[in-house]
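Undergrad: Could you have a look at this structure, given as structure tokens, before my questions?
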Number of protein chains: 6
Amino acid sequence: MSSRSYGRDPDGVRPTRIDPGFVPSATGSALITQGETRVICTASVEESVPRWMAGRGTGWVTAEYGMLPASTGERKARDVSKGRPDGRTVEIQRLIGRSLRGVIDFQALGERTVWLDCDVLTADGGTRCASITGAFVALDLACRRLIAEGKLAASPLNGSVAAISCGIVEGTPVVDLDYAEDSTAEVDANVVMTGDGGLIEVQATAERTPLSRAHLDDLLALAAVGIEHLRAVQEDAVAAAAS
Amino acid sequence: MSSRSYGRDPDGVRPTRIDPGFVPSATGSALITQGETRVICTASVEESVPRWMAGRGTGWVTAEYGMLPASTGERKARDVSKGRPDGRTVEIQRLIGRSLRGVIDFQALGERTVWLDCDVLTADGGTRCASITGAFVALDLACRRLIAEGKLAASPLNGSVAAISCGIVEGTPVVDLDYAEDSTAEVDANVVMTGDGGLIEVQATAERTPLSRAHLDDLLALAAVGIEHLRAVQEDAVAAAAS
Amino acid sequence: MSSRSYGRDPDGVRPTRIDPGFVPSATGSALITQGETRVICTASVEESVPRWMAGRGTGWVTAEYGMLPASTGERKARDVSKGRPDGRTVEIQRLIGRSLRGVIDFQALGERTVWLDCDVLTADGGTRCASITGAFVALDLACRRLIAEGKLAASPLNGSVAAISCGIVEGTPVVDLDYAEDSTAEVDANVVMTGDGGLIEVQATAERTPLSRAHLDDLLALAAVGIEHLRAVQEDAVAAAAS
Amino acid sequence: MSSRSYGRDPDGVRPTRIDPGFVPSATGSALITQGETRVICTASVEESVPRWMAGRGTGWVTAEYGMLPASTGERKARDVSKGRPDGRTVEIQRLIGRSLRGVIDFQALGERTVWLDCDVLTADGGTRCASITGAFVALDLACRRLIAEGKLAASPLNGSVAAISCGIVEGTPVVDLDYAEDSTAEVDANVVMTGDGGLIEVQATAERTPLSRAHLDDLLALAAVGIEHLRAVQEDAVAAAAS
Amino acid sequence: MSSRSYGRDPDGVRPTRIDPGFVPSATGSALITQGETRVICTASVEESVPRWMAGRGTGWVTAEYGMLPASTGERKARDVSKGRPDGRTVEIQRLIGRSLRGVIDFQALGERTVWLDCDVLTADGGTRCASITGAFVALDLACRRLIAEGKLAASPLNGSVAAISCGIVEGTPVVDLDYAEDSTAEVDANVVMTGDGGLIEVQATAERTPLSRAHLDDLLALAAVGIEHLRAVQEDAVAAAAS
Amino acid sequence: MSSRSYGRDPDGVRPTRIDPGFVPSATGSALITQGETRVICTASVEESVPRWMAGRGTGWVTAEYGMLPASTGERKARDVSKGRPDGRTVEIQRLIGRSLRGVIDFQALGERTVWLDCDVLTADGGTRCASITGAFVALDLACRRLIAEGKLAASPLNGSVAAISCGIVEGTPVVDLDYAEDSTAEVDANVVMTGDGGLIEVQATAERTPLSRAHLDDLLALAAVGIEHLRAVQEDAVAAAAS
């Protein structure tokens, strides 16, 4: 296999940092930087829920995802210029929403909606996973703010969640693919896990050659290690915000 | 666990039949009936490719998915009435397209596009998987027609593909969930495999409680058995069409 | 005149059958097959009316029409891909709605909406007329279901309705044109009549040469005979469903 | 029957005038005033045809229809505010286009498109028919301008066309309904005829009670007389423009 | 500088007339003709306000602007054909709305909305300014009608408003540019003023070379003179309508 | 007047900094921070021009503007969720485009397009002006990059441009209004000037009471001083990027 960016081994995650409070106007926010990929994540709280679930006393979490036009090498037209989000955007924001809903107790949240917005500043692979990892920090900070403001008695979060990509590149299972690796990978997977190792979502796609069960096991093992690392970065970010 | 429809065991697939040639105006077509779920699958061949890939001599396969308004108990508004496909539709048609592209040699297909249209006649769970299983038959028949018409020398298919849902219902791993099971499942997964057992796509989502690695292994094993069964139904349908 | 499909005389209707209950998830449904033209017709009942007519105790009937992409020889793009129904679709679904509203007593229907969905499986001319003829059966069956469920005391239908195309082809007035005839016709007409011979809608369009009054009379006479035939097919279908 | 506006008999057309050249920036134009209904009709010539018919040396005529928001008593929202023309608009502009295409020789027109725009200034019933009658004058004037500019050798028109509404109001067949009559009519029809009495389009719709053949004949006879009157008004307008 | 249309000096406004009551179905209306530019202006009153301001007892004024397709030399596609108003339209209708809101007392208007619709019949430069000048007359007439109908005790207008374009053409400051001047102007400005000389809106744009403060002062002086002239035309129109 | 943020006098600009190169994937970029308002500005170069100006050898500059949903206190829905940019967005991006086109020589730029994207990270008033000021730095850096890459021989910029808001707040003319001031201002203006003092665009809107000529002069004088200050910040940013 060709050498990996940042001199990484197959199980190496790119240097990752999470800056909490990056967007002060949001209830919670974080800028996640994972290698050359950077995503602005915000959590905005609205004191109501979609009409179809009003009156039940339970809350909702939903996500939107976008890419700044200059985030990729070649300018990417805004979704609005075509009048609707493209298919990839729809797929990604549904994944982010499901992932974060996996660790929140809607009863405890009460009848309010948290909007998670993930806007990609620069894209070098793994933006959907970085969005999930960063959005969790934004969501956690928003919950803490609601507690501090007396709107919630305790955190509605029943765990943490993070995500990482993995794949088979030139026959080798690797974790946290950058754009160059992603575009040549035979298999591309995204794994979302809770902080205590439960799977929230697994998506594996064989782009060229079918994937064997053995390789899938390798990928899941790599992902588990990577997510453990990201969990620590999330904890540091939340701790930094609190101090 | 409550008793399953058709008196099935956890590893039981609903009675499945595939009627080839259901839409004579299509190049290839099939009606797949899996329990109460029925999907019309057609393959239409267009002698050109999308502009961004023209001139390379290679082909393309793309899919669209729709539900007839009366396919579910309560009438479902047509996507066009909202001006765009909803998020679920987008996600499903992208999955169908990726799955079928996984078994076709674009070089051998030549510079033409195959459109796979999957329209749900009645929905009782598992429509996206039934669409993939049925669309493969439509695609296979379309390739055979192109060969018969002298447009292709040999089939561009390098294998077969089928899909099945599986999940954890009331704590038990089961395969081929109907709607009632799907709406109460703790974990919901869709597995796409080739006829010789390679994984094309795995999507597992924990709706309520995170999924353990052990349970994921159970689901993948159940899916493999189910897909082997569907592969036989596909082969019978193609054979029936040929005779 | 060239010979007609199915060896028909100018006043011959193509072999027609109506399969009731084709879509079990709908309140009422029918598959109408008229020569090579096949349309899936469903009636879905919603226990409310559009906002502008709420509170008056009267009901509403509305129709939507679509063509499966593979229903014509060359694939027809879905309306949703352009964000709106095309002009022909709009014109047709308005015609279907008006025709069926012509035989229903909205007071007797009560404050509910019946959605009639007509989806063309294969198109070989006359799809709008077949949609009306088939939709009547779906509507009738839906009313019978509402009576059986105790939601209605008596049928709100005050008659039956069917439709047939007619036109001038190579100078000769003919009924029930197939696609080949339709595309060369000098005059193209659609006639909607009640079971007892009243006109609900007449649409005649001269495509190439103006139409004389004498020829219009010929067309209306042909249509009356054709519709009488279709009325019998409708009655058989409803009877078959009831038995 | 109640007394009719302008003290008309059942066969009376409202006072009608056509002002040619009302929009000097158009190639041809006319303002038609029929009672309180006023429609601005323009013909704009584009020296090309839609892509699907390019290179054949033949022309095309197409129509668009709109209502100024204040044209009706209560303000009507612009179609653009909903992102698409409503169903009625689509139906009407297709009718106008078909009607005018009925009297033009596309070969003689040459490879150019004539756009007919009909914008309703005030609406008091019969706007679609007035649009056709006025659009013919705009089209005729545009053809004369093309001849004057040396772009055409002779007129591509092979006749004239006009339209009028008729219907059954309180049991009596009448012609040229105003809005009050139209909203209570049992049957509503629109008849498009050439100057020499050929039928181009007949549309009759029974709103409440089916229409008998005898009544349809009455309506067609009334329409023929009304259109003969409108034909004279058209001729005067064209003559006035020429002088 | 080249000679100006109508033999005007740099400070000359084109011959302007305002025909009140041009659209009888509107609450207030006017046709403004300024040289070859003609705009139909209507004021429609709706007895409610947008939801976000309901219940405060105050009113609202909003504007929409459109161009008839034939209003310019080459046919301009309708906004609806692209599904949304183009950028220029949006900018203009926002300007018209702001300008008219500048002279109305929303408290005195009461909880109702006035829609101002400005539809360009022929365009020869200055359509946005003519729209404002004409819309004021339509609004004034609508207010007078509301008073006459007893819906308002006194006029909610606290002044009058008119607008005129000015610019630098071939180095010379001029007022009321026609299309030919507008398309070669180095600087293009629109000035909206009240009848007693207050500025409501100033928009100056340097198209080619930056504008000096001295030249801006020249433009504002020219505009003041032009608007005084338009104010007299407005007064005559309102007086004519009243008599 | 109430005390101003940052203890400013009426002619005081908020603390402003421009971070060049904030988005490394863009050809040129800058993050401008003006008080609590922050805007990400990028310049992306495309080696082609819109079709209507192709083949002339001249270039084009266009701008798009967006607000991140969390940039304001209450979450602002993405434009794409409504299918089109709202009126304010359209107005602003047209202003940004015109302003930057005012200082570039399209002949010297050659047949390429520069896309300027301004995305608001946090909004506290003056976002359109900050966008212009920041976009100029992004554009300047992009031109320098094109020169460094040998694509341009010399800079196509013929000056610099910056913008600032001003207005009348509680009767006093002030510069650089924050959100609180902006929402209570009687008059709101935006002034765009070149580095050597030429006016590119002036937009003044009286929200409540008309503006006198004397006050307009005050505002233009304040703006000139503010822009001189911003010009220095721009120069420092470009110098920092170059070193």
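Every residue gets a Cβ built from N, Cα and C, even glycine.
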Undergrad: For the phosphate site that TrEMBL assigns to B:GLY126, B:THR127, B:ARG128, which of B:ARG88, B:ARG101, B:ARG144, B:ARG145 is also named?
TA: B:ARG88
Undergrad: Which residues, in sequence order, are found in the same chain with Cβ within 8 Å of the centroid defined by the Cβ atoms of B:ARG88, B:GLY126, B:THR127, B:ARG128 at the phosphate site, excluding those residues themselves?
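TA: Near the phosphate site, the remaining chain residues are B:TYR65, B:ILE92, B:VAL120, B:ALA123, B:GLY125, B:CYS129, B:ALA130, B:SER131.
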Undergrad: Suppose we draw a 10 Å sphere around the Cβ of B:ARG128 (phosphate binding site). How many other Cβ atoms does it contain, all chains included?
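TA: Excluding its own Cβ, B:ARG128 (phosphate binding site) sees 23 Cβ atoms within 10 Å.
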Undergrad: Note down the number of other Cβ atoms within 10 Å of the Cβ of B:ARG88 (phosphate binding site), including every protein chain shown.
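TA: Cβ-Cβ neighbours of B:ARG88 (phosphate binding site) within 10 Å number 13.
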Undergrad: Mean pLDDT over the domain 'Exoribonuclease phosphorolytic' (B:13-140): what is the value?
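TA: Summarising the domain 'Exoribonuclease phosphorolytic' (B:13-140) by its mean pLDDT gives 95.
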Undergrad: Helix, strand or coil by DSSP: which one applies to B:GLY126 (phosphate binding site)?
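TA: Its secondary structure by DSSP: coil.
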Undergrad: How do the residues of the compositional bias 'Basic and acidic residues' (B:1-17) split into helix, strand and coil according to DSSP?
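TA: The compositional bias 'Basic and acidic residues' (B:1-17) comes out at 3 helix, 2 strand, 12 coil.
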Undergrad: Counting only residues 6+ away in sequence within the same chain, which have a CB under 8 Å from the CB of B:GLY126 (phosphate binding site)?
TA: B:GLN34, B:GLY35, B:THR37, B:ILE164, B:SER165, B:ASP176, B:LEU177, B:ASP178, B:ASP182
Undergrad: Over all pairs within B:ARG88, B:GLY126, B:THR127, B:ARG128, the annotated phosphate binders, what is the largest Cα to Cα distance, rounded to whole Å?
TA: 13
